[in-house]
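Structure first, then comments.
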């Protein structure tokens with residue numbers, strides 16, 4: 001399941017992010033890639049230890065935590081601290097699959113990567129290329145969203161960032177360990193939750209069938225959650 005979360009950041013917030021990132025310290029992205037990924041990774045990455053990176057990643061996490069669509073679709077248990085990258089002058093990230101398990105920085109915890117996420121910080125009209133290409137069961141999906149919007153997709157997907165041939169593509173990226181490991185089960189829970197919300201608006205929260213479906217949702221969560 002691919003989920004688009006529009007306008008996680010407002011236009012004003014995007015401008016604040018990009019102005020701050022223009023002044024940040026950028027490093028060769030290969031330094032943070034695994035042995036296989038480093039062979040196909042050509043981009044720049046914001047210094048993770050900088051005060052700017054810490055400030056911006058905290059803002060992203062705060063916005064995610066307050067977004068109902070993100071919470072419903074991802075069912076997050078842990079969120080890997082968001083990172084920031086940029087591509088320009090033909091830079092790209094070749095076809096790869098993200099690591100299955102990652103250590104969370106500055107902790108003794110590990111994170112299972114159930115979902116990958118990209119928060120676009122550049123408007124599509126400001127750069128050529130740079131599509132996030134994801135191989136799905138329905139074929140190749142080419143993703144290029146408005147600045148401030150997020151794409152969530154299964155972390156076991158083969159994907160790549162196409163070469164940026166003009167302008168600059170800046171983004172934040174991160175991973176989520178979900179309470180529900182299975183993509184299929186998580187997708188069913190999301191559909192059920194969206195239906196419950198729609199029926200609640202139409203019939204009210206005290207409707208017997210709304211209550212029944214809500215009970216089904218929570219019982220499925222109880223059966224499938226891995227926390």
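Glycine too: its Cβ is placed from the backbone N, Cα and C atoms.
Copied over from Swiss-Prot, here are the features:
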BINDING   96, 98, 159  Fe cation binding site
BINDING   169  2-oxoglutarate binding site
DOMAIN    78-178  domain 'Fe2OG dioxygenase'
Surrounding CB atoms that lie within 10 Å of the CB of residue 96 (Fe cation binding site), all protein chains:
18
Taking the centroid of the Cβ atoms of 96, 98, 159 (Fe cation site), which other same-chain residues have Cβ within 8 Å of it?
37, 93, 95, 97, 116, 155, 157, 158, 160
Between residue 98 (Fe cation binding site) and residue 169 (2-oxoglutarate binding site), how far is it from one CA atom to the other, in Å?
20
Per-region confidence, the domain 'Fe2OG dioxygenase' (78-178) (mean pLDDT, whole number):
97
Roughly how many angstrom lie between the C-alpha atoms of residue 159 (Fe cation binding site) and residue 169 (2-oxoglutarate binding site)?
17
Can you tell which of the binding-site residues (159, 169) has the fewest other C-beta atoms within 10 angstroms of its C-beta?
159
Between residue 96 (Fe cation binding site) and residue 169 (2-oxoglutarate binding site), how far is it from one CA atom to the other, in Å?
19
So, in DSSP terms, is residue 96 (Fe cation binding site) helix, strand, or coil?
strand
With DSSP assignments reduced to helix, strand and coil, which class does the residue listed as '2-oxoglutarate binding site' get?
strand
Just give the helix, strand and coil counts over the domain 'Fe2OG dioxygenase' (78-178), going by DSSP.
3 helix, 61 strand, 37 coil
